[in-house]
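Undergrad: Encoded as structure tokens, here's the structure I'll be asking about.
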Amino acid sequence: MSTKHTAKCECSQLQRHRCKFQPVLPAILQKGPAFVKPKFGKATKSVADQAAVKRIFPNTYGLPEITFVKGANSAVAKKAVRVGVVLSGGQAPGGHNVIGGLLDGLKKANPKNKLFGFLGGPSGIVENKWVEITPALMKDYRNTGGFDLIQSGRTKIETDEQLKAAKDNLIANKMDALVVVGGDDSNTNACVIAEYLKQQGVDISVIGVPKTIDGDLKNKQIETSFGFDTATKIYAELVGNICRDVNSARKYWHFIRLMGRSASHITLEVAFKTHPNAVLIGEEVLAKKMTLGQIVDNLAQLIAKRAKAGKNYGVVLVPEGLIEFIPEMKELISALNDSLADNEAELSKMNTVAEKKAFILSKLPAKLADLMRSLPEGIASQLMLDRDPHGNVQVSLIETEKLLVEMIRTKLAEMKKAGKYNGKFAAITHFFGYEGRCGVPSTFDANYTYALGYNAAVLALNKCSGYLSSVRKLTKKAQDWECGGIPLTMMMNIERRKGKEKPVIKKALVELKGEPFKHLAKNRDLWAVEDLYVFPGPIQYFGPAEITDMTTYTLLLEQGKKVK
Ligand code: FBP
């Protein structure tokens, strides 16, 4: 069912200028899809649990990697094709440019090719809601933030009815391909759809595009997901401003929780850009098996040390997923996940959180029930909130920064009594998450997303189903980036979700042996006591390349480049 596009787009001055920005395409794509050929590598394996992943994806498992090389490929331009695109999961800067690149790639191959945007995320495919994306409609959305052109959603297409409805609608709309722009869970779902269509003998390709501000959809082949660059620049501007405020007023401790789901990549990157006094990294907490009490003690010691030097102020960064990595909390969350999934029907009949909590407490082992009772009321209730459709705890809604401040306050009072602390502790808490997801894409993200979309068009035209659009060598100039496709099954392993073992794309967590974490470990003691704050300021869209084209420290460090 076609829907009239009603969203009105009021242009700011910046947007008016930014709309004119022409992203730089990698040289390999510049002449268009008819001059690019796929070069197939060796058959691939999933990162873990090979037998189980192969059993679930018999038709899409083991595909070879693809690299695009120069070569005449006029076959892709012969027949006009119809491609659908869907934005899935949380917003990330650059989504509109993926659609722009896809549209331009398709039109370059054959002006009669058509692109359709499914509305409101994957539910738009099941409910058959779409709009045709014409060049005229696309015009005002180029290089803009947000997903408002077709919106997003978190529906997971998994039941037989949903899969059948998706298939029927794709066939009814005479689609040749579907492009799913999403994170690890959405791209896992893209692979489920690709597999289902192959099993059903339906010749419609499904291609994924790596999106997420969290930066956790990456591996050897996918160097970063789009949106991470812009979102971390926006958070760094905000954190940098707070550092400057702290340095000016010298009277508050700011506890800042940053989005990023389980992984701490965003927190790490923002720390590189701003040099706060303390940075918690969830993955380190897990590796060192640190309890909540130890985390609080360490922070209280730092606060006391700075107070001794007359510094009753500071900035602490907290990743939103921290809570999932504290061993005792991890155990509690995992038991809660299972218990909430096992008792879904009964819980749905209860009206209040208190009622649900009492019921769940009766199902938990005594040790975990005691831990749950010891938590502040707000946090305990937040841990009970519904999981998202992919089974993830909604960590963005758990106010860990407030929990830490409350516990630190108690600890400092004890230390004061014991004569071990004599400072003032005035704390302010913040959560930066939604502020960074729809920002105007940085030049890096504008170029990267446009290339990912254009590259997805080339994959679709070559009928490469079950692949993730891959643009590599990202620390080089955009024209030198390499393009191709990575089999989705190659990134999968089996994880426990909603009480069941499920195939999912493996989340990339912060590697403690990786260069980014080592860089933090080398510098953080100095940042803790000295006030070496950096104030990065806003993203620059115009001006010298060294400030407009700057990429992330994470990417530079991961690729062995030197950073200051
Ligand atoms: P994706 O994984 O879908 O990219 O979403 C990322 C994210 O922004 C997380 O950082 C955050 O925890 C979550 O979405 C919030 O979800 P919601 O938008 O549903 O509140």
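Glycine is no exception: its Cβ is also placed from the backbone N, Cα and C atoms.
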Undergrad: Of the candidates GLU320, GLU324, GLU495, GLU501, which one does TrEMBL list alongside THR212, ILE213, ASP214, LYS251, TYR252, MET259, GLY260, ARG261, TYR434, GLU435, GLY436, ARG437 as binding substrate?
TA: GLU320
Undergrad: Checking the recorded positions GLY90, ASP185, ASP214, TYR252, GLU435: which ones have Cβ within under 6 Å of ligand 1?
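TA: Correct list: GLY90, ASP214.
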Undergrad: Do you know which of the binding-site residues GLY90, GLY260 has the most other C-beta atoms within 10 angstroms of its C-beta?
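TA: When each Cβ's neighbours within 10 Å are tallied, GLY260 tops the list.
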Undergrad: Return the residues near ASP184 (Mg(2+) binding site), defined as same-chain residues 6+ apart in sequence whose C-beta is under 8 angstroms from its C-beta, sorted by sequence, else 'none'.
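TA: Result: THR212, ASP216, LEU217, MET491, VAL504, ILE505, LYS506, LYS507.
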Undergrad: Could you round the CA separation between GLY90 (diphosphate binding site) and TYR252 (substrate binding site) to a whole angstrom and send it over?
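TA: Between the alpha carbons of GLY90 (diphosphate binding site) and TYR252 (substrate binding site) there are 32 Å.
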Undergrad: Could you tell me the C-alpha distance between LYS211 (site 'Important for catalytic activity') and ARG437 (substrate binding site) in angstrom, no decimals?
TA: 11
Undergrad: Over all shown protein chains, what is the count of other CB atoms within 10 A of the CB belonging to TYR252 (substrate binding site)?
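TA: Its Cβ shell of radius 10 Å holds 18 other Cβ atoms.
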Undergrad: Under DSSP, is TYR252 (substrate binding site) part of a helix or a strand, or is it coil?
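TA: The three-state answer is coil.
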Undergrad: C-alpha of GLU435 (substrate binding site) to C-alpha of ASP185 (site 'Important for catalytic activity and substrate specificity'): distance in Å?
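TA: Rounded to the nearest whole number, the Cα-Cα distance is 22 Å.
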